[in-house]
Every structure is written in structure tokens, then in C-alpha cells.
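One structure is given below, encoded as C-alpha cells.
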Amino acid sequence: MFRGVGTAIVTPFKNGELDLESYERLVRYQLENGVNALIVLGTTGESPTVNEDEREKLVSRTLEIVDGKIPVIVGAGTNSTEKTLKLVKQAEKLGANGVLVVTPYYNKPTQEGLYQHYKYISERTDLGIVVYNVPGRTGVNVLPETAARIAADLKNVVGIKEANPDIDQIDRMVSLTKQARSDFMVWSGNDDRTFYLLCAGGDGVISVVSNVAPKQMVELCAEYFSGNLEKSREVHRKLRPLMKALFVETNPIPVKAALNLMGFIENELRLPLVPASEKTVELLRNVLKESGLL
């Protein structure tokens, strides 16, 4: 589907409504700086608070702006298999290139339940499906063995966004899934684990940081893929303060504050999320200046 950097793009709001004008500027910023994919309406896109009509407007506008230049992947996960399928079919109808399907949260399915969830959806769509494993938010962890079973059996499940920060799991996730199917892709779901996942044989990152620093995140991956390990490590180390600052409060609170400081969007979120504290805004201002982004 893509190799490198997929930006998990924010959803801008203004006076409580979608701000498509600011959104277009942000999408073009991503395209101009060489990102390899856009992930719309994921965690960073505040998908739980975007209604069905807004989803359609946002996905349609994204596809218009991108115009086939890079893949557009739409977040479509819920904790109901049938509701998830409905969102998948909406994305399919609109012309998305793929869907990001988070593991069902709160109801805590077993590993067999996880497998059956993805099997059910994969049998009912032709879209490429990306499994999203983020145990810190969902309360359930996709084991590497389960992911390998999915990779072996479900051919339109194209890869996994691995947001378990455990280095051992990352290594086993890449190893076992690629043994099961050589073209199965593994992307980091944590910006600060991107370099380590690449070293383990992974394929890139679905990134929050690239909202504000797309050029630098693209460089981190591109240098690694070109065999320039030291340069990739250097970029990773330079980005560490920004990676840390963008997660001092719950994502996407800090990244929206950062994009506001950069002049891209209003610093507006939907409840239950609230804007960043003054302390966080000041931290972000300093880190952005030190990173040459302000």
C-alpha cells in the first residue's frame, strides 16, 4: 500500500464545524513535503466525534485534493464488527484506497475474536485493510502470532499499524508476519519507535509528528531505505524532542496546538478533548523554534 510515512492527519474545526479551508492547506503541506500516504479519521483525526455526513465530506475532499498522488486510507474501526463494516463500505463507496481498522476496544475480544473480526470484514470488502494495534487505548493486544495468522489467511489485510511500544513485540511482529507473507507490511504506530521498527525490517510509520514535520519524518525513512543508517539515526535523534513534546498530553491535543502555532489551523477540539494547557503550548513553542519549524 505504501512504504515510508503515512500522516495520521488531524481534523481541523472552526466554530464547532469542519474547517475544510484549513484542512486543504494542511493536506497540500503534506503533499509538498513528500509523505507517502494520508490516514484520515484515525485517532489523530478525532474520529469518535465526527459524524457520518462529516466523514463523507472530509474523505471526499481529501480524495479531490490528493487526486491519486498518494494512497488515502480511512479510519473505520469501532468495537462492533457490523458497525465497522458499515464504515468500511462507506469508505469503499467514496473511493478510498484502504481502511485502518482498530482492534475492538472496551469489549476486549480474545485472540480468536480478533481474528474472526478481521476475517468477517475482509470477506466483505475489496479494500486493503490495515490492522491497528494500540493496546494502550483499546485494552487488547494483537499478538504477533495472531497477526501472522491474519497475514497468512486474509489476503486483503495488507499490513498492521503496530502501536505497542514494546521492542520485543515489534521485532516479533515484523519477523512472524513477514514469514507468514512476505508482502505483509508493518508500520510503527509510535513516532519514537519508527527507527527501531525500520531496523527490525518494518516498512515505515503512520505518523503524528509528520503533521508538523513531514519533511523530516520522510527523510528519516528515506535515508534508512537508501542504506544511510547513520543519517537516519541522526534525523531520529534530532526529532526526539519534538516526538516527546507532541505526546505530553493526549494525542491530538498537542499536535493541534503545534499546528495552530504554525498558522495552519484553529486550536479547536471536540469534547471530551480540550485544548492544550498554557504550559504545553509554551513547551511546543520552544521545541518548534529549536526544530526550525517556527
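Every residue, even glycine, has its Cβ placed from backbone N, Cα and C.
Features reported for this protein in Swiss-Prot:
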type     : residues      : note
ACT_SITE : Tyr132        : active site, proton donor/acceptor
ACT_SITE : Lys161        : active site, schiff-base intermediate with substrate
BINDING  : Thr44, Ile206 : pyruvate binding site
SITE     : Thr43         : site 'Part of a proton relay during catalysis'
SITE     : Tyr106        : site 'Part of a proton relay during catalysis'
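Listed in sequence order, Gly42, Gly75, Gly77, Leu100, Val101, Val102, Thr103, Ile160, Lys161, Ala163, Gly189 are the same-chain residues at least 6 apart in sequence whose CB falls under 8 Å from the CB of the residue listed as 'active site, proton donor/acceptor'. The DSSP secondary structure for Ile206 (pyruvate binding site) is strand. A C-beta separation below 8 Å, combined with a sequence spacing of at least six in one chain, links Thr43 (site 'Part of a proton relay during catalysis') to Ala8, Gly75, Val102, Val134, Arg137, Asn251, Pro252. Here the CA atom of Ile206 (pyruvate binding site) lies 23 Å from the CA atom of Tyr106 (site 'Part of a proton relay during catalysis').
Annotation for Ile206 (pyruvate binding site): spatial neighbours Gly6, Thr7, Ala8, Ile39, Gly42, Leu100, Val130, Lys161, Trp187, Ser188, Gly189, criterion Cβ-Cβ under 8 Å with sequence separation of six or more. A simple way to gauge crowding: the CB of Tyr106 (site 'Part of a proton relay during catalysis') has 8 other CB atoms within 10 angstroms, across all the protein chains here. The Cβ of Thr44 (pyruvate binding site) lies under 8 Å from the Cβ of Ala8, Ile9, Val10, Val208, Asn211, Asn251, Pro252, Val255, each on the same chain and at least six residues away in sequence.
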